[in-house]
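Here is the structure we will look at.
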Amino acid sequence: MFYNILQTRNLVPDVNLMKVEAPDIAKAAKAGQFVILRIDESGERIPLTIADFDVDEGSITVIYQVMGKTTKQLTTLKTGETLQDFVGPLGTPSDIRKLGTVVMVGGGVGVAPVYPQARAYREAGNHVISIIGARNEEMLILEDEMAEVSDELYVATDDGSKGHHGFVTDIVKDILDSDQQVDRIVIIGPPIMMKVGAGVTASYGVETLVNLNPIMIDGTGMCGGCRVSVGGETKFACVDGPEFDAADVDFDLMMSRLSFYRPQEKEALESYNKKCGDDCKCH
Amino acid sequence: MSLKQEMPEQKPEERIGNFDEVALGYTEQQAVIEAGRCLECKNPQCVAGCPVNIDIPGFVSRIKNKDFDRAIGILKESNALPAICGRVCPQEEQCEKFCILGKKGQPLAIGRLERFCADYERDAGVKSPEKPKSSGKNVAVIGAGPAGLTAAAELAKAGHGVTIYEALHEPGGVLTYGIPEFRLPKDIVRQEVDYIRNLGVDIKVDYVIGRIKTLDELRDEFDAVFVGTGAGLPRFMRIEGENLNGVYSANEFLTRVNLMKAYRFPDYDTPIKCGNKVVVVGAGNVAMDAARSALRLGAEEVTVVYRRSEAEMSARIEEVEHAKEEGVVFNLLTNPVRILEGENKTVTGVECVNMELGEPDESGRRRPIPIEGSEHVIDADIIIVAIGTSPNPVIFAGSEELETTSKGTIVVDEDAMSSLAGLCAGGDVVTGAATVISAMGAGKQAVATINRYIENRS
Ligand SMILES: Cc1cc2nc3c(=O)[nH]c(=O)nc-3n(C[C@H](O)[C@H](O)[C@H](O)COP(=O)(O)OP(=O)(O)OC[C@H]3O[C@@H](n4cnc5c(N)ncnc54)[C@H](O)[C@@H]3O)c2cc1C
Ligand SMILES: Cc1cc2nc3c(=O)[nH]c(=O)nc-3n(C[C@H](O)[C@H](O)[C@H](O)COP(=O)(O)OP(=O)(O)OC[C@H]3O[C@@H](n4cnc5c(N)ncnc54)[C@H](O)[C@@H]3O)c2cc1C
Ligand code: SF4
Ligand code: FES
């Protein structure tokens, strides 16, 4: 099957937005779910979180960071071109209910998956405090969108070019140290950020959820490649997750599994660059 | 007693360097000679041994008379996918097991003759089927494995509009993602799928039922539903170290190789690591396919570890023989107890114990019992777990409860109808991991039920 690309847009350096026509997926999508796409016949299947969905338009929006071969090749695709495969919505939807006050934390491209969840928590009647971060102001994504769906919004940058000079987790700690009642924290970002965040919140006893991003193939529970250890039990992140209780997650195992194919990923990117350099005209 | 015609094959030392088909197929001359061995029994036992009761003496005698068109015609009356069954059926447990020639010598090579006819037809060019008159009814089929494809073909022939929903990006089920190219070329599977498309069946790939649509929605939308989603959920051993880097389920390993074509990396993007020393746990067809794929990917040493003895191995005999010829080492009566961890959470080996066989267990096979003090380590950088699968429950998400067993299989009555009206099921999702031919048989049987159900309601 082929899926039309309705829109592509560069958000910040190396982070792009892509809107794809997929009416059935849009109808079924819920916050916290993801898609798996494959660009062409020889392509890899890669998972990307559903950053937005529009039932009327029949579209799914994803936001991706350029990491390696597949995400680099994605940047060459233009509006009107197609993807060979676009499967979803995958994963168990996030557990979104009215709880009271929810703190949403997104780092880097992790702000993209936070956005639909923040919106859904707000719609469910929660007081939503969002904290988003990036390396610097130039790399910050979805600030306006997040402001719209949050009751309070804080920004942190590693270099202090915008908002708090430091990590998003610093702000989380400040909030937890204040009188503010917090009923749940959701942290999505690079694994190391989720691990550090889980460490920060652990001593406060506030329920903390993370969205895990191990390597996946099918995304339906048939390969077990995405398995993670949660509370000592093996879980398949693509069907049992991707949302899990942060306190139970073995982040070190997940991070090492994410690095298993580094040499091959490097080879794939190099071979792609050789065939199809930066100024390639074949797309 | 004459011997059966030898199958022409790629030589072991050659074939471990490629993914091309190992068994090359009979020549016309060989097929005619082999067919000549058939005694054309009045009361043929082989037919009873075939799960779909092919008229075996019938098609074999046509081969003898070089009427290959008629031979394939007879085969196709009972079996829509002879090119596939001729290659992958466990004939030694089915038709050939009961062949009278086998009492004193070698049974007739029925599977090879079946394959010969199918390949003959393929070379001659398969005729496009005629589109039947529309019944005005629509049926959804979930899963495009042998069960679903057979059901879809039969439903289309009955004039129903048929939509297949398949989770992966290619139809075929295990035939596509599990069984490797060197045993079942994917062109053959694709051709069978095209034939079914030409019957007017709409195949929607990339559709995971339970996610994009629920079973309940499909039951509302269609006049009936057939579920043929197989047994795709891999079982692990639940031993220490099982999540380390380098431990694969056979499903993951084979999916990377077959569906994603990792053996052609970097021309295809999906990577695979096969290491130098590979241990495969299990002794079914899945284990043999994984072991032989690992060899072809360049592993220096591949060891199959199995807790029972050779007699209990469930793989087709031919595959075990091929694996041995190719240099796969078999450590039988050996059971893994712990996977050993090296740097960066990577596998370095597997600790095993030796086993002995005790009294028969529920399966009728003698129960393996660990021998105390027999612990030993097998070095390995890749471990592939092939100890079985069960049905993937994702299909049930968000739908009305359907009766299932403790093993997760769907409960059906003798007509393949589930506990929900108008919802039939068949293949591995009902039986647990079984065979291609039994899945096909179940698909066909379910269609008879669906036809009756639709008729009664209109
Ligand atoms: C549920 C889920 C949701 C995700 N959502 C987003 C998102 O919204 N935006 C975003 O930018 N990224 C997201 N990711 C990560 C994204 O899938 C990877 O960055 C992408 O696969 C990299 O592919 P590549 O070929 O460009 O890079 P590669 O060079 O192949 O890989 C770079 C790194 O990405 C990881 N990776 C590689 N292959 C896969 C794979 N098949 N599945 C998962 N991870 C892989 C590995 O850690 C690897 O080291 C998500 C991952 C998961 C599991
Ligand atoms: C590696 C391997 C080797 C084998 N070798 C042999 C052999 O030599 N001989 C033999 O007779 N048998 C063999 N078998 C067993 C045989 O392949 C199976 O018994 C047979 O394929 C079962 O057919 P099925 O149609 O029931 O299921 P499958 O072939 O498993 O097909 C099920 C299909 O349903 C799809 N699906 C699952 N869930 C969903 C969902 N929620 N929504 C949409 N689609 C879904 C799957 O993606 C899959 O394509 C082997 C099995 C394996 C794994
Ligand atoms: S379908 Fe299988 S069991 Fe039946 S005759 Fe052919 S090889 Fe034998
Ligand atoms: S990605 Fe295959 S089971 Fe999760």
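For all residues, glycine too, the Cβ spot is worked out from N, Cα and C.
Annotation comment: TrEMBL describes A:Ile63, A:Tyr64, A:Gln65 as FAD binding site. Annotated [2Fe-2S] cluster binding site per TrEMBL: A:Cys223, A:Cys226, A:Cys238, in sequence order. The feature domain 'FAD-binding FR-type' is assigned by TrEMBL to A:1-96.
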Sparsest-packed of the listed binding-site residues (A:Ile63, A:Cys223, A:Cys238) - C-beta count within 10 angstroms: A:Ile63
FAD site, defined by A:Ile63, A:Tyr64, A:Gln65: further same-chain residues with Cβ within 8 Å of the Cβ centre: A:Val15, A:Asn16, A:Leu17, A:Leu48, A:Val62, A:Val66, A:Thr71, A:Val109, A:Ala112
Averaged pLDDT score, the domain 'FAD-binding FR-type' (A:1-96): 95
Protein Cβ atoms within 10 Å of A:Tyr64 (FAD binding site), excluding its own: 22
Separation of alpha carbons, A:Gln65 (FAD binding site) and A:Cys238 ([2Fe-2S] cluster binding site) (Å): 20
Rounded to the nearest Å - Cα separation of A:Gln65 (FAD binding site) and A:Cys226 ([2Fe-2S] cluster binding site): 20
Binding-site residues whose CB lies under 6 angstroms from ligand 1, from A:Gln65, A:Cys223, A:Cys238: A:Gln65
Cα-to-Cα gap, A:Cys223 ([2Fe-2S] cluster binding site) vs A:Tyr64 (FAD binding site), nearest whole Å: 24
Against chain B, in sequence order - binding-site residues A:Ile63, A:Tyr64, A:Gln65, A:Cys223, A:Cys238 with Cβ under 8 Å: A:Cys223
Close in space, distant in sequence - A:Cys226 ([2Fe-2S] cluster binding site), Cβ under 8 Å, 6 or more apart: A:Pro214, A:Ile215, A:Met216, A:Ile217, A:Gly219, A:Phe236, A:Ala237, A:Cys238
Neighbourhood of ligand 4 - binding-site residues from A:Ile63, A:Tyr64, A:Cys226, A:Cys238 with Cβ under 6 Å: A:Cys226, A:Cys238
For A:Tyr64 (FAD binding site): DSSP state (helix, strand, coil): strand
Other C-beta atoms that fall within 10 angstroms of the C-beta of A:Gln65 (FAD binding site): 19
